[in-house]
Amino acid sequence: MMQDMSKEADSQVQTEMPQVSRLVVNQNDERFISYDYRESPPREMVQWFRRRARILFNYSMVKKCLPILSWLPKYQCSYVMYDLIAGITVALTAIPQSIAYGILANLSPQYGLYSNILGCLAYAVFGSVKDVTIAPTSLTAIMVQHVVKELEYGTALLTFLAAVVTISFGALNLGVLVRFISIPVVMGFTFAACLTIGSAQIRSLLGIKTQGKSSDFVTSWTNVFAHLDEVRMADCILGCCSIVVLCSLRLTKDLGEGRWRTFFKYLVLLRNALIVVAGATLAYYLKTDMDDSVFNLTGHVPAGLPVFQMPPFSYTNINGTEYSFGDMLSVMRTSIITIPLVTTLEIVSVGKAFSKGKIIDATQEMIALGMSNLVVSFCSPLPAAGSFTRSALNNSSGVRTTMSCAVTAVVLTISLALFTDALYYIPKATLASVVISAMLFMPDYEEIGNIWRSKKMDLIPFLATALACLFYELDYGILVGIGLNCCILLYLMSTPGLSGEEIQLSGLTVLLVKVDQSLAFSSAECLRDWILKRIDQRDHIDVVVIDGQNIHFADTTVAKNFVSIEEDLRIRQIRLMLWRFDAKVAFVFLRMRKELFIPLLRADVQLQDAVARWKHLHYQIPTE
């Protein structure tokens, strides 16, 4: 009996083989004619390797990795004034912000300046977006806080490893990883980071000298409430007044006409530098004793250039605790991956914001960011990233090339060499006001509203990310958001939209099953269970037709489940037909069991024609 069935199947296959053009949609593969269904390497992968091999060892690749070789030979004298103005303007804002972010990271203030100088110099060589400025940011400062608490300067190893990971991502063209960080996750992370950063500055704003065990959201507020008796009224008044002035100046950016409009625009852009100068001047004239100032001051900032040294691969902190390389890695944990992801997201977002429609080379930006942090790691533990505020200032100043970054680095170096005595008098409350006012405007509140209006389900990853970042840690929080987003994506992939329609064609009762997306291993059982459930709900079905028009991918698990579907239907004396399947999907089935799937596949334009021809070739009236 089995031999007769095998001969019958072979006969059916041979009968159908001359009609291969009717088996699949877009029939254009000679393998159907030659009966060769073996899987060949993906053409895209082969082409990618060939393309990468061709460009790795030629001058165009060098120019791509070093954009300075492209713009420097074409540099015009007319660009000099624009780049000088932009570089100096950015430096005036960068000085107080870099000091503030250095302190925010629990480091000495000069390390913020060191990171800014070296980051800008490296980006001038490797950067591809003229408007972007590389500098320490509030996010990078807050993300290294917990590492600095234990390793202190040993955190330079984290900056080094993060740079290596970023460069590796760029070399492997893995900018696609950023696509797994959705807008709700980014918004949740940004919102929580702003609250965390702002909360960490409340202590300095109120003049409280006692520092908490960490700078996370909960600990920061716990520390403030536990030491309210240490609040200094002078610092509190100065800090609050500074925030009011900074916010008021920000709101005046569109005031006036003509020259007054230009005046207010630059007044707004330089507001941080002006408020810091005003605070330092006030502190200087109100001083009574260097050791007992009216305000809590930044203190001594070492003059001169940073000392270059290899990042430490083992470290002994101030308490005498020794850390081996493995111990340091255990302290850094996921920061080695999350910092490259977050900083890459920052620099690509900043680049797109000022690209004015031009295509941003995300891979080159990753390499530029990695090289910047690689250089930074030899003199500072604080990693750098793309700064939106300073990039906006760069753009509005009419920057022409990344030469402005080099100008900024030179101005910062001169400041370190000549003006560190003036930096001593900057009140910590003023620096705190600069950070807090920046955090007030950093979240995109309109975008949060758009999440609520457009897709309320997106609030789940938004809230999950924000809460995890607030009450646990920032780096783990963003991983929670990414993981939750991937779970939602897997759920959507595992639950394809299925619909069934019962129709009469060629004297047969046909259940037409439509699938609205490709199938993968996670959704294979879903299709099978859905079909069997619908069959059990109907009185009589002769043929189940699965419409594969929207199925452009299938794997081994899916093919195996199609075999199971055919067997389950045959037990119920119901036949299966596969209609309008793409050639790539059909090959997967044919490689699984050619003799089974050849009779099942049809690709006629009209379902009625497909059923009629299939009935003529393969259908037999079942006997009781």
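Glycine is no exception: its Cβ is also placed from the backbone N, Cα and C atoms.
For 84-104 (among others), the entry in TrEMBL reads transmembrane segment. Beyond the ends of the transmembrane segment (84-104), by six or more residues, the same chain brings 110-113, 115-116, 133, 135-138, 140-142, 145, 197, 200-201, 204, 215, 266, 269-270, 272-273, 275-276, 298, 301, 382, 387, 389-390, 393-394, 397-399, 403-408, 410-412, 415, 423, 426, 428, 430-432, 434-435, 438 to within a C-beta distance below 8 angstroms of the stretch.
The feature transmembrane segment is assigned by TrEMBL to 111-129 (among others).
Here TrEMBL flags 153-174 (among others) as transmembrane segment.
The transmembrane segment annotation in TrEMBL covers 181-202 (among others).
Within the same chain, residues 89, 92-93, 95-97, 238, 242, 245-246, 249-250, 252-256, 293-295, 297, 392-393, 396-397, 422-423, 425-427, 429-431, 433-434 sit at least 6 positions outside the transmembrane segment (263-286) and bring their C-beta atoms closer than 8 Å to a C-beta of that stretch. Per TrEMBL, transmembrane segment is recorded for 263-286 (among others).
Non-local neighbours of the transmembrane segment (335-354) in the same chain are 128-129, 131-132, 134, 137, 139-140, 143-144, 147, 158, 161-162, 165-166, 169, 175, 177-178, 181, 186, 189, 329, 360, 362, 365-366, 368-370, 373, 383-388, 391-392, 395, 474-475, 478-479; each lies 6+ residues outside the stretch with a CB under 8 Å from one of its CB atoms. TrEMBL lists 335-354 (among others) with the feature transmembrane segment.
Among the features that TrEMBL reports, transmembrane segment is placed at 366-386 (among others).
Summarising the annotation, TrEMBL assigns transmembrane segment to 398-418 (among others).
If you look up TrEMBL, you'll see 462-492 (among others) marked as transmembrane segment. Long-range contacts of the transmembrane segment (462-492) within the same chain, counting only residues at least 6 positions beyond its ends with a Cβ under 8 Å from a Cβ of the stretch, are 139, 142-143, 146, 180-182, 184-185, 187-189, 191-193, 195-196, 216-218, 333-335, 338-339, 341-342, 448, 451, 522.
Residues or ranges marked as domain 'STAS' by TrEMBL: 510-578.
Listed as Cβ neighbours of the transmembrane segment (153-174) (distance under 8 Å, sequence separation of 6 or more from its ends, same chain) are residues 107, 144, 147, 311-313, 315, 317, 323, 328, 332, 335-337, 339-340, 343-344, 363-367, 369-374, 376-378, 380-383. Outside the transmembrane segment (181-202) by six or more residues, the chain places 104, 138-139, 141-142, 145, 215-217, 220-221, 224, 341-342, 345, 432, 435-436, 439-440, 442-444, 447-448, 451, 458-470, 474, 477-478, 481-482, 485 with a CB less than 8 A from a CB of the stretch. Counting only same-chain residues 6+ beyond the ends of the transmembrane segment (366-386), those with a CB under 8 A from a CB of the stretch are 65, 101-102, 105, 107, 111-112, 114-116, 118-119, 121-123, 125-128, 132-137, 139-141, 144, 148, 151-160, 162-171, 175, 306-311, 339-340, 342-344, 346-351.
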